[in-house]
Amino acid sequence: EFEEARKWVANDLVFDKNVDVNLFESTIRILGGLLSTYHLSGDSLFLEKAKDIGNRLMPAFKTPSKIPYSDVNIGRGTAHPPRWTSDSTVAEVTSIQLEFRELSRLTGDEKFQKAVDEVMKQVHTLSGKNDGLVPMFINTNSGQFTHLGVYTLGARADSYYEYLLKQWIQGGKKENELLEDYMRAIEGVKKHLLQRSQPKQLTFVGELAHGHFSAKMDHLVCFLPGTLALGAHNGLTADHMKLAEALIETCYEMYAQVETGLSPEIVHFNLHAQKGHKDVEIKPADRHNLLRPETVESLFYMYRFTGDKKYQDWGWEILQNFNKYTRVSTGGYTSINNVQNPSNPEPRDKMESFFLGETLKYMFLLFSDDIDLINLDKYVFNTEAHPLPIWVPA
């Protein structure tokens, strides 16, 4: 199968096309995937392809502020913001660093790392943060945060926090600004976003909008227990591990308390006990499941670092429910529209690439007891589950 895939990459994967791609998605999936495959296989074909796509993504950084545009035409070498705004998403511009830094290290060409380091330097100094928490948008002309006052660990901000820690680990724990920003952000989470639900007293991460707390939590936030555990494993404070243990339980309950045993895209937690109500409430617009990986990803980290078999058991339950409600008889799996209806979950006929790239890969790693199957002291995963080497392994 690998040989077949290699042949396809060699002969059919052509980037010289007049097509707009999203900088962030293309970096984490295509560039990250090629770099990872190069490291796991030692085959220079993949590095050549990585260099090609890396060069084609560079025009995104030609902006007045050096904060990249969201979209690049990889054939024409032009880039632009989305049609409706000159803003980029904070998570997107701060979650391309692992890949571009590694591309510089492998090619000896500094331009890739320089471009992405510049973004981190600027974000480090910006005003508009709230105890280390960042807004969701940043303007490519001014280089300033926009839409101030809204703080979330869900969509549009999530992987900023993940990549602070992971860049610090990737670089051999030398870049203290990254660590400071990460530690400050976790303190900000504790101070502003943590609450407990009723009746089970589940610790969850809500959102803050202009001083008002909302008990809303995206499934995306379930990356956080894994990230906290990874930080604790790398010598950060032990209370990060305690928080990780509390949050992974919450993420598991986001599956367990639902009729199909599959989490919806977004949940709202009950802050007040009501007769006959669970901790988790689901609004009709939020009850879809896209086969997302975040909870399984965190289960993998928790199992690796604690050895507690319950994390494998929880993952196994989740996998069985994916098989029961999302598996397609003719092959593959599909997103579903309604996790609350076991008799008809309303299949969408769509499987996101991250289901194979992340969800199943983390399942595979979770169920393996071989810690050298991607050793976490030698590799750091990018946000699309592609392992990249740590430059100075522990």
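Every residue gets a Cβ built from N, Cα and C, even glycine.
Predicted, not measured: the structure shown is a model, and the values here were computed from it.
Pulled from TrEMBL, these are the features on record:
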type     : residues      : note
ACT_SITE : Glu25         : active site, proton donor
ACT_SITE : Asp158        : active site
DISULFID : Cys222-Cys251 : disulfide bond
ACT_SITE : Glu265        : active site, proton donor
ACT_SITE : Glu294        : active site
BINDING  : Thr383        : Ca(2+) binding site
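All features noted in TrEMBL, drawn onto the structure.
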residue: Glu25; record: active site, proton donor; CB count, 10 Å: 15
residue: Asp158; record: active site; CB count, 10 Å: 24
residue: Cys222; record: disulfide bond; CB count, 10 Å: 29
residue: Cys251; record: disulfide bond; CB count, 10 Å: 29
residue: Glu265; record: active site, proton donor; CB count, 10 Å: 19
residue: Glu294; record: active site; CB count, 10 Å: 23
residue: Thr383; record: Ca(2+) binding site; CB count, 10 Å: 25
